[in-house]
Structure formats: C-alpha cells, structure tokens
Amino acid sequence: MGRGLLRGLWPLHIVLWTRIASTIPPHVQKSVNNDMIVTDNNGAVKFPQLCKFCDVRFSTCDNQKSCMSNCSITSICEKPQEVCVAVWRKNDENITLETVCHDPKLPYHDFILEDAASPKCIMKEKKKPGETFFMCSCSSDECNDNIIFSEEYNTSNPDLLLVIFQVTGISLLPPLGVAISVIIIFYCYRVNRQQKLSSTWETGKTRKLMEFSEHCAIILEDDRSDISSTCANNINHNTELLPIELDTLVGKGRFAEVYKAKLKQNTSEQFETVAVKIFPYEEYASWKTEKDIFSDINLKHENILQFLTAEERKTELGKQYWLITAFHAKGNLQEYLTRHVISWEDLRKLGSSLARGIAHLHSDHTPCGRPKMPIVHRDLKSSNILVKNDLTCCLCDFGLSLRLDPTLSVDDLANSGQVGTARYMAPEVLESRMNLENVESFKQTDVYSMALVLWEMTSRCNAVGEVKDYEPPFGSKVREHPCVESMKDNVLRDRGRPEIPSFWLNHQGIQMVCETLTECWDHDPEARLTAQCVAERFSELEHLDRLSGRSCSEEKIPEDGSLNTTK
C-alpha cells in the first residue's frame, strides 16, 4: 500500500509531472537520488510513471470487452522503470481487480510482464489453478485505468476493424467536407484581412504600445493607486510580448515565483512597476486556472488583485507561463502583520476590505447588477492577501479557485479534491464531508478561512492592549507547516479554535469583531455568516465611528455593542 510516492492526497492537476526528454544540468544531477534517475537508449531522462494504484479491490467488471478500474487513487511509481499493471481474478466467490506499479524485469504473480511496452492495458489470460486469471501491463500514464479484454480491441481481428473503419469513414465524409470548406473560406478571409492590415500594424505598433502604457499607468510609490482600472482583466492576444524587465524576486509559492518587474514605455527610460507571477512548464494547469479566473471581466473589484495580461514565454530554461498584475509594495498581509502593529482604524479597514473582496468573489452579480459566475477561492490565508497603499486588502493567488458553474454535476464537484492549506482548512474539508448538493457549502469553507485571517489581524491590533509577536492561527498548538492529520486532531477531535483572550473584549469594537469571527468559524457550516453579512457588519462599525467623530477610541461604539445585521 505504501509503494506510491503520492496516494490521492491531491487531485492530479495539482501534482502534474512533466515528461522531460532533455539533459539535466550536471549540478542538478548530483543532487538527485540515483534511484530516481533512469535514462533510455538515447540518453534522455526517464521519469516515474503515473498509474492507478488501488491494490486489490472487489470489482463488478466482467471479462467481456473492456471496463474501467474505478480506482480513484493515482500514484507516481516509486522507480522510473516501473510500469502500470492490472490483474483481474475470478473464483467461485468473487471478482477482484488489482492496480499497481511494478518493475517489468521482475515476475509478478509468477508471470513475466510481456507487454510492458504497450500503451494500452490489454488483458491476457494466464493459467492459475482454481480461478480465472487475467493480467496486463502498459507504459503510458494511467493506462491501467481502462482494461481491455476483447480481441475486438486488438489488431488481431482485422476483418472487424476493416468494417469499423469503412462505416466510420462513410459516416464522417459529409461533415468532413463541410469542415474543410469552412476552413478554406476562413483562411481566405484571414489572408485577405491580414494583407489590408499589415501596413497599418507596422506603422502603428509604437503608437499602440504608447496607448497601452498610458492606459495602464502604474503610479510609482504613490498612495493613490497601484494600477489603472482600465487595463484590468485583459489577455494579451498579440504575438508581440510586452517589454518587461524582471527586477527582484519578492515571493515564492508551491506553483510559481513572483517578481517585481519594470514595464518599459517605448524607447524612453520611463517604466511602470508591475508584478510578474512565473509558472514553470509543469505547472501549466495552475497557470491556466488562474488565467481563466482573471479573464472574467466581471471579477474586477477594488479588493481583488488587478490583472494586466497573461503570456506564454520561451526562455533559456524552457517554456514559462506569466501572469502580469499590479504590484503592491507593502507585500502580503502575513508579512505586513509580522512587521507592523495595527490600530483599530487599520483593523476595521483591513477587515472590511477583506470581507468585501470575498463577498464579491462569492456573489452571482456585480455591484452594477450584471450576472456574474460565483467563485470560491479555496486557499484563503494571510499570505494570499495583499495590502494596498491605502491599507485595504486585495485577494490574490487563484490557482486553486473554483467557478461555481450551475452546469457542474455532483461528480464534477467531488472531483475538485481536498485542496487548500491544512492550517486554514474548514472542519468539513479536513473530514472530506462537504455537502456537494449545495454549492453554498464551498463558500462556507472560505468564510471559515476568513475568520482565521480576521483573528490574525485582531491579534496585532493595539486597541486590545498588550500586543504579542505575530503568530499564525493555532501557532502554539501545531508545527510550522502542519499536515491534515495534525489539524484534524485540533479542529475535529478537540474542537479547537485560536484563543480569544478575555482582555480583547474590553474594547467594544474588538468585541464585535470577535463575535463575528466566532460565528464565521462555527463547526456547523450552515451556521456561519456569509461574507456579505461580515462586510455589512464592518460597514456599520465604520458608520458608528464616523458618528462619534473619533477614530481610535472604544467610546465610538455603543455601550450595548449591538449591530442590526442578518446572515
């Protein structure tokens, strides 16, 4: 059971392996375990296989034609030379199906893997006393998920294949003819149009770049704005890449690195500061997810990171995928809270803007009333929230986000996986017991994570009195990077939550914030507030502060601490 390097903790798109057939630099080769590096006859590096790995399970699959393994666990084989194997057995009592990785040089169940180089898992019957025994092996990713029994699927039955090809060919001729005609017409149209525009493009190239720079003006070290709103949520469809010069590395995550960069303006020395998030080739899926989220024009909001464009680039290190966004010099919220103690006004501003950003993300319409696809972040934490120059928050890092498309089935939602950062996972995510019949349950997990971030803000607010050094949620109870099992013990078994000291409640405003975040991290998902309700509570706090004419005193909050809001 323990031979796979990865056994189903994350969905496949998060653990993509690139099949690189190029030479690894010598200094990298020296740092890699020799058991994990194998080369083929051409000297190219061979990486471990991705296979279904469920060991022995009962199965309803018969030995007619083909069937799926129904194995939900994808494993990266322990050694590069291992291939995917499936074993089907039937005796008087039951049918079992076994899916594993195995070295073809070694016998398995006393049989040699004769077809290890095959791209498909075509079953062959083996002689075993007292049972019917079929086995197959193959060498393409997850090839042991679809197991084939019937000779109809093999080239050894040429007559049947000939009939199939003839029928298929005759059926495809009419639509194929139409498709070819459409392609020819479209090609002629594009060629004619491009000839007309070619001269205009050559003469206007510089002018267009100037217009782009003017509309996308980013104010350097200015408190007014980090980037103009006119350029948010664009995709660079031009073949010409933006003139960007990378400056310094400012952040590094699981999937990408973030650089401060200069967007040059024409041939002058002027430039605008932007952030460039660079994904390596093997993290294409994460880049595409985030790009698709940003591409929604209705996502645009003051508390969501403003997006310029997405690009594919070829470099000396290979193909890279770039996301170009506004740059915020104050960094992420975790870094900011580590370096700074905040006032009550700062807390109110940070908390309010965070709730507004999440509420917009979750909403099915824009502030203007246009229909919008609800989105859940699924990895909310203080390091995925940026602090703007005006001390408001904006959400970033949508690599694990999910669009709540009403056409998604329960199975589609179930396949979205247990994702996020363990420290910030809601109880139902840790326990894998989300209500997939109700898409609101995904939003409720974001609200739980938001509550932990609000607690982080409150713990660094000087309005509560003594302020301790920054500490993440559950900081003293778990290690620096806790695993899911460790968080289960704290959150599920012990029903633990971050501590709220009694002296915090001496400040009426802080008391209301604590009541709000306590309702947001309730163990029952349906009992939690919505992000919109939290935003409304912060708005009322701000309104009461303005009425009082003070910004930092608890007297600005009514003595009874009442707020009239609903969920």
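Residue 1 is the first one shown; counting continues down the chain.
Cβ coordinates are placed from backbone N, Cα and C, and glycine is handled just like the others.
Among the candidates Cys61, Cys71, the disulfide partner that Swiss-Prot records for Cys67 is Cys61.
Swiss-Prot annotates Val250, Gly251, Lys252, Gly253, Arg254, Phe255, Ala256, Glu257, Val258 as ATP-binding residues; of Lys264, Lys277, the candidate listed for that same site is Lys277.
Record check of Asn70, Asn266 in Swiss-Prot: the feature N-linked glycosylation site is attached to Asn70. According to Swiss-Prot, the cysteine that forms a disulfide bond with Cys138, out of Cys136, Cys143, is Cys143. The disulfide entry in Swiss-Prot for Cys101 points, among Cys77, Cys84, Cys121, to Cys77.
The disulfide partner of Cys84, as annotated in Swiss-Prot and taken from the candidates Cys51, Cys54, Cys71, is Cys51.
Of all the disulfide-bonded residues listed here (Cys67, Cys101), it is Cys67 whose C-beta has the fewest other C-beta atoms within 10 angstroms. Taking Cβ-Cβ distances under 8 Å and a sequence separation of 6 or more, the neighbours of Cys143 (disulfide bond) in its chain are Cys51, Cys84, Ser118, Pro119, Lys120, Cys121. Looking only at the domain 'Protein kinase' (244-544), the predicted model's pLDDT averages out at 92. Annotation note: Cys71 (disulfide bond) sits in a coil segment as assigned by DSSP.
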